Amino acid sequence: MAKTNISPGMQQYLDIKKNYPDAFLLFRMGDFYELFYEDAVKAAQLLEIGLTSRNKNAENPIPMAGVPHHSAQQYIDVLIELGYKVAVAEQMEDPKQAVGVVKREVVQVITPGTVVDSAKPDSANNFLVAVDFDGCRYGLAYMDVSTGEFCVTDLADFTSVRSEIQNLKAKEVLLGFDLSEEEQTILVKQMNLLLSYEETVYEDKSLIDGQLTTVELTAAGKLLQYVHKTQMRELSHLQALVHYEIKDYLQMSYATKSSLDLVENARTNKKHGSLYWLLDETKTAMGMRLLRSWIDRPLVSKEAILERQEIIQVFLNAFIERTDLSNSLKGVYDIERLSSRVSFGKANPKDLLQLGHTLAQVPYIKAILESFDSPCVDKLVNDIDSLPELEYLIRTAIDPDAPATISEGSIIRNGFDERLDHYRKVMREGTGWIADIEAKERQESGINNLKIDYNKKDGYYFHVTNSNLSLVPEHFFRKATLKNSERYGTAELAKIEGQMLEAREESSSLEYDIFMCIRAQVETYINRLQKLAKTLATVDVLQSLAVVAETNHYIRPQFNDNHVITIQEGRHAVVEKVMGVQEYIPNSISFDQQTSIQLITGPNMSGKSTYMRQLALTVIMAQMGSFVAADHVDLPLFDAIFTRIGAADDLISGQSTFMVEMMEANQAIKRASDNSLILFDELGRGTATYDGMALAQAIIEYIHDRVGAKTIFATHYHELTDLSTKLTSLVNVHVATLEKDGDVTFLHKIAEGPADKSYGIHVAKIAGLPKSLLKRADEVLTRLETQSRSTEIMSVPPQVESSSAVRQGQLSLFGDDEKAHEIRQALEAIDVMNMTPFQAMTTLYELKKLL
């Protein structure tokens, strides 16, 4: 960056820029925001705007690019979406009155995690996450600056931190400690996050809570410090810090949520085809956000679940009232976002009108809720604050046709302020007064073509042609002489003109001041508005779930304390919605008190994965308080769901399908309890047949003997069905098929017992493979099955506790010699779960050299 012969204005730019080296600096110059030097070059490319230069004839011209101030937000949005920060430097004084260089200051730093304004607003949350580490546990705080939501928790390990960040769909993570290189790679390269750093803790006594740990306080404090530092103002809309525990909700990793298509379809990354899409009959942006939160965090408290169920049942029983409620909610705007705009000093007249319109709807919503005449609904009614005084203020103060910008005028209603009304009367009637003066002077002077004109230089004046100069009255005074005419004024005309100019200037200034005063008054109601927003959002989600339940004929699930799963004629709610009720084939699912594992076999495409997902979605819907897709459901309360459904290599981190499978299996068996649900689909596919089968059997046995979680394990290893003879809590089920005249029909119904065939060649036939290829595959299969029966090479008997090896004690794999001890130490030092395939190969090579 060349800095020779820098002008005072450019020196000001450089002085400001050095404080924001990691951000694009938008430097306000008149009607444009300008960028210079490297910022200009990079922005021109990213924003597809013209790149020019300042002082083009200089030896080192300065690269320059700019965007109009009135459309700057759309360009800021692009930079933020690409993961950059933007610092906005405004002119702090009127350039016309400035002495020397116009004073400029950065008024806001916009980052991916602190977006409030956007040219394309999104109803979804935008969370900024802060993480701190005390050497033992992690503190994680998050905030949506646009709504004021502010929460904190503590977590045991980095895996939990990563999962929570993914669940929050954060775009920016604020760190108060140094990450390891591997952790940084995960966050930046795999999760595509912007990492920011903050060392200072915001000093705020209101943050101190005896229930918070030190690491939670520092995470929350650094988050607050960063937000105040970037937003550069007091944020009155920030809500009280809420402490939460992961264990208070049904725990699911991001991978689990993704495989179950909870908030978006994993194949399309769109909302359509997800559980969120199915359940969303909300009418407000606040309700949409809350519904997503409920899906993300189902409850584990039976009391809280039943409370939601009860309200949904009340709504279901009153169609007319519920319809009125839904229609009334359509008139509710995003109170949370409107409150934040007020807090940021960015709320315009349209924003206040939306807020006023919302408040006008609240009494109707409250009356409808009261009409349900239900104690559980009355709790919601009692939480609704109508704020009639604020609604009255907005209704009487803001003109219903007010523009979106403050500078255009016509904001304040007539009758709200006497002075403003007077000025408007002067402006409105002034033209009539001038017309009266013109008519009077024309008649008295005898100048038939006498008229009053106006221009910026001379103001209002009488236009008199040269032929009529002899008729000019004595009280006229000359203002200007032209070639064929002269311009005159009078004391009376000057007085009227002065009144009109004063009225125009004072009206504009007064109207602005009145609006600022009203906005300041609205800000004092923010806490009450946020409480109202939460209640209306809850009402919206509950009516949405009632509408979905009625439309799709869902039933109210029951809960038990004896670890029994009973689902009669259950359906995969999303698949049913996509396919249609007539096409979908329901399935019952049953786990008695004794059964902990269902081993499911059957061909591909027969419905095994759908059966597993059906159970998971039923549990999630039930524990979020929703009704479910079945004829009858009775469930235990689960504390976590672990899944491995579907295969996809993690190419970015260099992890294969098999490695990802093993990592997810490890997380499940380490974290699951006997109150958890485990769903494993075809575990062990990514390695050799015997290796995969051995691992699958060992995992099943481990879950059976040590974990005790309710588990569905889908497999193509038919040999594993023999485990039912040894494992007392395992039962076999299979997907039924119908064979007739060489054709196979998949019935998509689950039946007891193991499958007798896998029908893989039939699936290949459906896929359209050549007949000659299928014939050859059938020949090979026949030969392999014959060999298997004769040599029993495929037989992998389950572990038998009474075997001689167990009775005699397991022999040591390593022995007692020094070389074996060295190999053992090397193996124990390996962090298998965090190795890439390349690292694993390298380590194996090094171990081989020790032999």
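Backbone N, Cα and C define each Cβ position, glycine as well.
Per Swiss-Prot, these features apply:
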BINDING   G602, P603, N604, M605, S606, G607, K608, S609  ATP binding site
Can you tell me whether DSSP puts S609 (ATP binding site) in helix, strand or coil?
helix
Based on Cβ atoms within 10 Å, give me the single least packed residue among the binding-site residues G602, P603.
P603
Out of N604, S606, S609, give me whichever of these binding-site residues has the highest number of other Cβ atoms within 10 Å.
S606
If you count Cβ atoms within 10 Å of the Cβ of M605 (ATP binding site), leaving out that atom itself, what do you get?
15
Beyond the listed site residues G602, P603, N604, M605, S606, G607, K608, S609, identify every same-chain residue whose Cβ lies within 8 Å of the center of their Cβ atoms for the ATP site.
V735, F746
